[in-house]
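Peer 1: Just passing along the structure, written as structure tokens.
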Amino acid sequence: MRTRIRPSHRPYEIAVLVAAALSGVLILTLDVRPTSVHLSMPQPILIAWELGQIAVGVGGLLGILWPGRLSTGLGLELASVLVLGTITGMYAVAVSVVSGRNSIVAISFMMAVTVGSFWRAAQIAIDLRRLARVCESATYEQLRTGVT
Amino acid sequence: MITAPAPAAPHWVQVALSVLGILGGGTGLAAIAAVVVQRGKFKADAADTLTEAALTLVQPLQTRITQLEVEALSARSELGTLREQVNQLQFVVRVLTRTLDRWRAAIRAPDATLRKVRATVAESDRIPEMDR
């Protein structure tokens, strides 16, 4: 019998990325904007913020499902979670400035996503560094014979 | 949907959010650029990539496997010699049983005499099968 314990962070990450893409698409197609964001961001930043949601969602999922090199997938995911953290952080700041303490719940969850995103980004950065070191020290053949 | 002009969020918020956005977006782009630039560093394919931790896990397993292989080999050869010995013993047992039967028959024969029995015994002494 073989039991495999799944990494626990994935469901949250994937769900948030999907939600980001969906929300971006909905905002653009329905042309609705959260008041707080509308009030607190200049126009170009606002557009970038909206497009960023879609880019983050698509890019992040692409990175997670990337079929090619692991490092490329991780890089995509890294960029996505960095930008995701920025986007949610901006939203949290905007909401907190506009609605103040009425929106404590929304801000809390939003900040949680922000923190989680940067956390994941740090993890990926460390993983990538390690990966690079392993690839430097061990040649591909060594890795291969290590397994078989 | 929102047509009313902004009831003006403080100016510093706009600036702060702009800076934040530009910083975040820039970092994201930089991350992609860094990975693209350093692609050569990552030689392994996704399927064949092992992290350092995995390698350290694999190595003791490998030595264990070679140990076990050696042990299996010696066990197998030992088994072979044992089987050979069993075969020989079975053969000896068969021959002895046959001899015993013959002697018993000679003794139990109604017309058994000492001389006949002796002759039978002397005959089986010469059976070449028993030389082994």
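Keep in mind that glycine also has a Cβ here, set from the backbone N, Cα and C atoms.
Feature annotation from TrEMBL assigns transmembrane segment to A:12-30, A:45-66, A:78-98, A:104-122.
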Peer 1: Looking at the stretches A:12-30, A:45-66, A:78-98, which one shares the most CB pairs under 8 Å with the transmembrane segment (A:104-122)?
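Peer 2: Comparing A:12-30, A:45-66, A:78-98 against the transmembrane segment (A:104-122), the winner is A:78-98.
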Peer 1: So if I exclude everything within five residues of the ends of the transmembrane segment (A:45-66), which remaining residues of that chain have a CB under 8 angstroms from its CBs? That is, six or more out.
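Peer 2: 10, 13-14, 17-25, 27-28, 33, 37-38, 72-81, 83-84, 86-87, 90-91.
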